[in-house]
């Protein structure tokens, strides 16, 4: 009985870890489908303009832009999940241990500076930043580029979707700021269940709301991690005012995105070798916290 319950719990736990990934994928492809519908069907053209060459060019440019962003989001997310950021299969060095090395009792090995144990992944991660619950994977030295680039294109894609959905908000609010329009924007589910709106109106309102909320959340994550990259810190190191591994703005960018940082963000297939190995880091300041003077 205990063995059966243990297997059931493992299945539930595994499903729970995959659920955020599935929900993310559903939302991304739903937003893409809705924006494609707006471009192809609800394009802001008069009937005679829709037959012009400009209409075809306008539609083609919009479709190319959104599917370019979708391709980068899905490809970067796939590489982020597939790239192993942990110490598994990594030779950590010989017997000589430098400053900043620690012993992990869970992995039963010495770990290099900026490496820490993730209890969700059950392994130590090189230059660990945090565990991303949305992808079920740790953000570390080897996959940070894909994580940051995925955030960048998610932010750009959601910004584009918000702009394209502006007409949806205008249509909902054309009768003025009424109780009906406010409720449709804030709680479309209740309006659908209560029979106050059609399924089509609910779908447009829900996706438009998701675009706005998603854009704000992704923007906060993106700008926070860009600031960390420029400062040469991880999320765990951000809680400290010290920056012992900061090499200067440009060097910090290369440490995260690689030698071809200036154009590798355009496509995840562009090679951009990282200058380090995730084990040895140049120290530019004291690793010890500053002691406050006693008066």
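Every residue number used here counts from 1 along the chain in the order it is shown.
Using the three backbone atoms N, Cα and C, a Cβ is placed for every residue, glycine included.
The domain 'Palmitoyltransferase DHHC' annotation in TrEMBL covers 101-240. Residues or ranges marked as transmembrane segment by TrEMBL: 21-40, 144-164, 176-195, 201-230.
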Same-chain residues at least 6 beyond the ends of the transmembrane segment (201-230) with CB under 8 Å of its CB atoms are 27, 30-31, 34, 129, 147-148, 151-152, 154-155, 158-159, 161-162, 165, 168-169, 172, 184-186, 188-189, 191-192, 238, 249, 252-253, 256-257
DSSP says what for the domain 'Palmitoyltransferase DHHC' (101-240): how many helix, strand, coil residues?
79 helix, 18 strand, 43 coil
